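Student: After the structure tokens below, expect a handful of questions from me.
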């Protein structure tokens, strides 16, 4: 296993930072300071060292620093050095990662590893951030799409190929629906050969998506069940989508692929009239049940819901930390400690230490991280910049 840990992080014209450098040297970090000081901006920068839009889901234009009167965000960059993989011949020099845009308003970001421009997916070979933010506080009250997005990020952390399958599925889905809606509006039949080809692509990508979700869910459930000694609520997980259910009961990928393609072909008139596809892995949902209280998570208190989600993220981190062929995750926990009681804050600190992972945590009050003192780097975030404490 390659231990994923940041040795340094440098932001240039990113959000509120003109330029800032943090040097954790592989240690966990707790960031504290007033609301609006820029703590979450640092976590967002780390989250962009992975494919996708990061923990805020922002566009590239939004993250560039913008001064009053400027119409668009500036060109920005995030650079980091990470620990190199340990091999039989020792450890190499640190790996240099970088991402950003070279022109203000650019719609595509550049990714470089050791100075070489590479596809964003290559970042997953070196760091795999997993995050939990206040935006997930309403996870059980939001639409199913938000829970799918949350769960798919957990899947991706363990199986980076999942993102490619999801992108291929979404692209084919858009093409198919454009054909069907155009046909419905014009009254002319859609190109059947083209539709069949698209549905074959949807079947292939959708079957892989459903299988990866099912595989991740079973592994996560086993991990959660083994964590009964932690002071976090136990969860029972379920995937409600029909295609994920097939994967969960052991139906082969080829069979799911064939069934999904056939179901889509049969649903052409219905989907064209509805203006959306009514079957497929894009319709599934994640259900979480509080075991000890025997009730759905949506019916639990806000505090218990947050603890359930945190335990789910920690279970995924623990599972991935034992992987033999991939870097372990970097945990990004935004304003999580503030919602935990003293016992759970202590347990969270112990868990991070025991797993040997690098974690970045934020909070307004330094006292929230008393249990991490001596085990993590404390950094005060203010309008003056980043100030590392000396009590590590």
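Placed from the backbone N, Cα and C atoms, the Cβ positions cover glycine too.
The ATP binding site annotation in Swiss-Prot covers 33, 34, 35, 36, 37, 38, 39, 40, and the record cites sequence analysis as its basis.
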Student: When a 10 Å sphere is centred on the Cβ of residue 33 (ATP binding site), how many other Cβ atoms does it contain?
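Tutor: The answer is 20 other Cβ atoms.
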Student: Inside 10 Å of the Cβ of residue 35 (ATP binding site), count up the other Cβ atoms and send me the figure.
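Tutor: Counting Cβ neighbours of residue 35 (ATP binding site) within 10 Å gives 8.
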Student: Kindly assign residue 39 (ATP binding site) to one of the three DSSP-derived states: helix, strand or coil.
Tutor: helix
Student: Centre the Cβ atoms of 33, 34, 35, 36, 37, 38, 39, 40, go out 8 Å, and tell me which other residues of that chain have a Cβ in range of the ATP site.
Tutor: 362, 364, 381
Student: Specify the count of other C-beta atoms within 10 Å of the C-beta of residue 34 (ATP binding site).
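Tutor: Excluding its own Cβ, the number within 10 Å is 11.
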Student: Can you tell me how many other Cβ atoms are located within 10 Å of the Cβ belonging to residue 39 (ATP binding site)?
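Tutor: 25, counting other Cβ atoms within 10 Å of residue 39 (ATP binding site).
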Student: What number of additional C-beta atoms lies within 10 angstroms of the C-beta atom of residue 36 (ATP binding site)?
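Tutor: Summing over all protein chains shown, residue 36 (ATP binding site) has 11 other Cβ atoms within 10 Å.
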Student: Give me the non-local Cβ neighbours of residue 40 (ATP binding site): same chain, 6+ apart in sequence, Cβ-Cβ under 8 Å, ordered along the sequence.
Tutor: 55, 56, 133, 334, 335, 362
Student: Non-local Cβ contacts of residue 37 (ATP binding site) (under 8 Å, 6 or more apart, same chain)?
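Tutor: Residue 37 (ATP binding site) has long-range Cβ partners 381, 382, 383.
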Student: Including all protein chains shown, what's the count of other C-beta atoms within 10 A of the C-beta of residue 38 (ATP binding site)?
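Tutor: Total other Cβ atoms inside 10 Å, all chains included: 22.
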